[in-house]
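The following features are taken from TrEMBL:
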- A:7-35: domain 'Flagellar basal body rod protein N-terminal' (DOMAIN)
- A:96-159: domain 'Flagellar hook protein FlgE/F/G-like D1' (DOMAIN)
- A:216-259: domain 'Flagellar basal-body/hook protein C-terminal' (DOMAIN)
Amino acid sequence: MMRALWTAGTGMVAQQANIDVISNNLANVNTTGFKKSRTDFQDLMYQTIRQAGAATGPDTQLPTGIQVGSGVRQVATQKIYTMGNFQNTGNQLDVAIEGDGFFRITMPDGTINYTRDGAFKMDSAGRVVTSEGYPLEPLITIPEGTTEITISSDGRVSAKIPNQTNAQDLGQIQLSRFINPAGLESVGRNLLKETAASGAPVDNIPGAEGAGTLVQKYLEMSNVQVVEEMVNMIVAERAYQMNSKAITTCDSMLEVAAGLKR
Amino acid sequence: MIRGIYVAGSGMMTEATRTDVIANNLANASTAGYRKDVAIGKDFRSMLIRRINDGPNSPLIGSMGVGSVIDEVATIHEQGGIRPTGNKFDLAIEGRGFFAVETPAGVRYTRNGGFTRSAQGELVTVDGYRVLGQGGAIQLGDPESQVYIADDGRVMVDDAEADTLRIADFADVKRLVKEGANLFAAAPGQQEEPVAGITVRAGYLEHSNVNVVAEMVNLIAGYRAYEINGKAVQAHDSLLDKAVNDVGRV
């Protein structure tokens, strides 16, 4: 059958995957700390029908050959780590990272996951936890009766307790950085996991060695730009349509071929 | 048999290949750094027709074409549009040149600058192949190091010049061989040449240079040519039908 039929088919599949990624970006437009993804494509194999450089005479050769490509494939979805907008929430356990780095979260199985979502809460034991109840690492426990919590830009957490003159130091939030944050694995719930591609985490206190600083009472919004995603969606839809046109054209050609024999 | 049936058939095969090439261009309309292909057809050398049964000197009575064939699939190395991505390791070349990339099969060339920093601190492609600088793989240092890639291809790590991107050009870019995965290979004997005055844009990616309107027009034109050749085949078939079944009937 015609090569073009399968080639255009790969184009449709690739654009569908593109739409999947764009939809997920749009679905998470209001997700705290969400980082948008982008689909990367590659052209597939080429079939060489005539080799360029083949000899055509004693001292002459073909300057160009005939190579017909066989379509496209989705090769990666890359996370884009640009900053999201900051939103003032007034909540004293909301923390945004200004700059690079991730909060460290202890999972129920004891492993560490990473997040940019700084919408922390306090559980019944006074521990600072994520919305899912997973504690921050290193653990910070807020004593009973605390009236005000202060988180400094370098991550120092202190609590003001009635009848005490000095604020009580509760510890320091740490940030992890990765050599290749694009290689982190998204596991949902705003959490990311370390992989061989991301490299090992480098832990620092906020503000040190290029790590970002913390901003209390603010949340980092997603970095999804709605206009950009809508434009990408239009482009993807039209690309999908064009590939389907190539398929219908191919189909019509096959119909002509089939109609030759009467 | 009637020659024209083969001539029209070769026309159909040419248009089918042309459609294959157009379909590949359309499939790669969103592939960063993709370079479109154009199928160029040619006619076979026409043959001279001689009148026979005319004694020793059979006179020429003219020439006749014997069909068409795809002569060349040429890659058009025209600049594609450039769009911002927000990723500082995405690079786009303005003008001539290719990024040199180290693959298991040897050095390959690409216009797709969608790169990342690997866990080993090297600048790599999405397939994990190392992007080459003047001194081999480009080291971008540890997570703490601040990387900045200047317009002239210099790679600055923590304000010190670490390396310069190896941007390769070729005297005849049309001889480069497409390998898929956005890679081009140099043809045997083809020498890499340095580019004078390169401009690299960090934080941008180059689109494919596929002009979808032109491709759609070519698709329609190709289809109609195919259809018309099909009609010619059918007309010849009718002639043969007459010759075989009607001529000589009493």
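Each residue, glycine too, has its Cβ placed from N, Cα and C.
No curator has checked TrEMBL annotations; they are predicted automatically.
Model confidence over the domain 'Flagellar hook protein FlgE/F/G-like D1' (A:96-159) stands at 93, taken as the mean pLDDT rounded to a whole number. Within its own chain, the domain 'Flagellar basal body rod protein N-terminal' (A:7-35) has Cβ neighbours under 8 Å at 41, 44, 69-74, 77, 79-82, 84, 115-119, 190, 219-224, 226, 229, 232-233, 236-237, 239-240, 242-244, 246-247, 250, counting only residues six or more beyond its boundaries. Each residue in the domain 'Flagellar hook protein FlgE/F/G-like D1' (A:96-159) gets a DSSP state, and the totals come to 0 helix, 30 strand, 34 coil. When DSSP labels each residue, the domain 'Flagellar basal-body/hook protein C-terminal' (A:216-259) comes out as 34 helix, 4 strand, 6 coil, counted as helix, strand and coil in that order. Here the domain 'Flagellar basal body rod protein N-terminal' (A:7-35) is broken down by DSSP into helix, strand and coil counts: 21 helix, 0 strand, 8 coil.
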